[in-house]
Structure formats: C-alpha cells, structure tokens
Amino acid sequence: MKQDLSLLIQALDSSISGIILTDNQQPDNPIIYCNKAFERITGYRRHEIIGHNCRFLQKEDRNQKERLVLRKAVDDGTECVVEMRNYQKNGTLFWNELYMSPIKDERGNVCYFIGVQNDITRRKKAEQELLHQQSVMEAQIQERTRSLRESEDYLSSIVQTVRESLVVLDPGFKVLSVNDHFLKTFKVTKEETEGKLLYELGNGQWDIVQLKELLESILPTNNPVEEFEVEHDFPHIGKKLMLLNAHRIELEGQYKDRILIAIEDITDRRELERRKDDFLSIASHELKTPLTTIKGYVQVMQRLLPETVSDKFKDILRKTGVYVERLNTLISELLDMSRIQTGNIELHKETFDFDRAIHEAVENIQTATKTHQIIIRGQATNSYTGDESHIVQVINNLLSNAIKYAPESGEVQVYLSRVSNYLKVSVSDKGMGIKIEDQKKIFDRFYRVGDIQQRFPGMGIGLYVCDQIIKNHGGTLWVESEPAQGSTFSFTLPLDERKSDEQ
Ligand code: ADP
C-alpha cells in the first residue's frame, strides 16, 4: 500500500502540469498537497504552499470574474475549468489554466478538490497578439472602406459636375447609370434610361450600325471610340449634333467590363464655326473684287508712267505693286480655305508636263528671291493628269515657307523622283525646323508654331490648303524635321489613277 502511494507520488511529480489537492472539510479549503510542477510554475516552495487557499496566487489582482466560477464550483461540488491571471512568487504574471474537480466520499459529500494547472502564458500571449492583429486589421479595413467611400463620393461629385453627358454601360450595352447632365440634356428621367439597352433609348438615336460596331470592339480590343458625330432629331430636344467619345473604364484594375460614353452637344459650336467660315468667305470675296481693280490700276500706272517722273515716285509705285500682290496672295489663301471648307473647290484636271511645271515655278520664285538659291534635282514625270495651277500653288507655298523659315541658310533643294507608281516631290531647307509635337498640327487651319508668330508674316493657312490639294489628287503630304536642322516637306501623287483607286 505504502509502495503504491510512493509510486503515485512519483508519478504526480513527473507530471508537467501543476497538481494540488485541497481539503474541503477544513475551513477555507486549504491546499494539502502539491506536486513539483506546481512549485515550478508558481515559484513557491512546498512549505510556502501547503495550508494556503489557492487564492494567494492571485496576489492583489482579485477582481477576476473567473473567481465567481471557481467559488460556485466549490459551493456546488462540481468541476470547472478557468483561465486566470496568477502571479509567481517573484511577481511575474502567468496565465493559469486551472482544472478543478471534486473528490467525494461514499455519501456523496465533497471531501477534497483536485486542481490541475497549466501555464498557458505563451498561448495567451499568442491569442492576445492575434486579437491585437485582428483589431489593427479591422481598423485598416474601416479606414480603407472610408477612403473608398470618400473616393467614390469624390468621383461621383466629378461625374455629376462635368458639363458633359456621361453614360456607363455593361457588356451587354445596358445602361447602368447616367449623370445629371445627361438627364438635363436629353430631358429624360433616370427610370426611362437606367436598365434599358442603349439602342432602345429615346427614338433609337444611338441605334446606328457603325456606332454599334465601334462600341462592340471596345471591350475586347480596348480601342476607344473617338469623336463620333451623331446628327439626329431627338425626342423632346429636336435636331442636335452630338459628339461621342467612349472608353473602357478601368479603375485600379477594376470594372474592366464597363464602357463609359461621354456625349457633348456641339450643335451651337458647329453653327458658330459655320458662321465664322461664312463670314471669312464673304469677307474675302468682298475684299478680292476692289483689290483686283487696284492691282489693275497699279499695272496701268506703271505702264503709263512718264519718263520725267522722279525715281522716288517710281519706287513708291513699285512698292505699292509689291504690297498689293502680297495682299492679293493673302486674300487668295483665305478664299481657297473657305472654298475647301464649303466643299466648293473645283479641280480642273488636265494632262501636263509635271517636271516642266515645277521647273517654271522654281524659276519664278528664284527671280523674286535674292537671298536663297533653289536647286532642283531628279525627274518625276513629263505627263501627269491633275490640276496644274493647284499643284503649282503647293510647290510655291512649300518654297516660300522654305525661304521664309530658313532666313540664314541661303539654299533650298527640290528633289523630283518616282517611287513605284507615284511621283514624289521633296522641298528641303536648312532652317529653324519644327518640333515633333508641332509637326502634325501645322497642317491644321490657322496653326502657326508659337514662337514665330511675331517674326514672320502669315496666317497659318498655306499648309492646310496644300494638304487638301494633295489629298484631292489622291496623294499625301508630310514633313520630316528637326529643330535647328531644317525641314523636308514631301508629297506623293499617284501616277496611274486607275491603279491607285483599286488599292
Ligand atoms: P504660314 O506660313 O502663313 O504661317 P503655313 O500653313 O504655310 O502658314 O505654315 C504653318 C506653320 O508651319 C508656320 O507658321 C510655321 O510655324 C511652320 N512651318 C511651315 N513651313 C516651315 C518650314 N519650312 N520650316 C519651319 N517651319 C515651317
């Protein structure tokens, strides 16, 4: 029996859990046994433990609600498990997972309690860290949600403020949302618009085959629709000209399957442009008539000039002739431009000796310029069918630009050649050159490169007219240039129209 007991005590001492026995029959339920692990966990020695109630482990930290659970289990004689903050002898906190179970006699009275304790400080710490981590993450999520909501509010306030009508479509071209400007412009309600197919809106104003094709290719190819004009008699607002731009929406990699359409009412703008063009056309016509008369009178005066007249008078008359001619060129440019704008440009096509025409044009310019030498090289063709006066106008324009924008250089080169079934003309100067960002724009109406405005006279029309003339002949005009190195303007014209039409 004694042997059994010592074996049992040895077994209890080798346990890694702290084990105690308390005597419930004595006042205040004192500890009557503790094993080695209990000493190790608590840091107290056996003689400091035996006879004490377990509560000494809580030191001053007495306000733990688990105590109530313990007390109730003692009162009821039941078992329980609690996790409590306990303190070692040296004051170090440790989390104690305490399992308490009653030992009863034959009559069912609780005589003892056995307590098994485990130091779970490490687990507790990990749990607390996890909790802390969770609360940090929750705070981050809240912050993120808040900033998302803010940016959503921010975006929607932009969408509502812009003076363009905006429509968001799903991949099936159903309207997901529209902004206020859309509703105001088309005088419709949200209910009439959202959830409907784009092509069903109004009286089918957007149901246009070409537009459909373009919109359908946006999502698969990410090619936007740019500057698509729709002229239509819209319900409620009548005949209007609308400009459409559509893009695939991409917001931080999201919403890749949505399309945003921006619609701008350009009816008034176009009308204004038309009136301005009309004005230019009328004004240049009105100016041209008296100017032709003045030009005629100057020529007559030059012819009838008596021998006796002073040199000063002769010089004044010559200068008058020069300025009248300059004015005439400017007004002709304006007239050409307004003819192009209104589609009234007439081509008088005839077969002529192209190379001869270019040589003659160069000679004419050469006689009028002392500052530059114009050199012609190569050959294109002696038989070309087109509008000779228009082609000569192009070469004159390119040459006078080459002279005007290369005041320091002294030489201009003209190169004639044949490339496949095209003729090619290049005019090169060694002048100021053109920045890459300006190279496309110089063919637009009225575009002049910013810093030359004051130094050189001009209206920014010449290249626009040249480009239109070359296009009317089925050719292309382009520039290659580098600032401070010079520019080469080239154009090609198809030699055999039948062949080029087929291409
Ligand atoms: P304009 O000469 O009356 O301004 P153009 O349409 O002929 O009008 O030319 C448009 C603009 O292109 C010019 O204002 C000038 O800035 C630029 N440009 C044209 N030709 C040349 C050139 N050879 N070298 C440099 N810049 C040029």
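Placed from the backbone N, Cα and C atoms, the Cβ positions cover glycine too.
Feature annotation from TrEMBL assigns domain 'PAS' to 4-77. If you average pLDDT over the domain 'PAS' (4-77) in this model, you get 91.
Each residue in the domain 'PAC' (80-132) gets a DSSP state, and the totals come to 12 helix, 30 strand, 11 coil. Taken from TrEMBL, the feature domain 'PAC' covers 80-132.
According to TrEMBL, the feature domain 'Histidine kinase' maps to 282-497.
Across the domain 'PAS' (4-77), DSSP assigns 37 helix, 10 strand, 27 coil.
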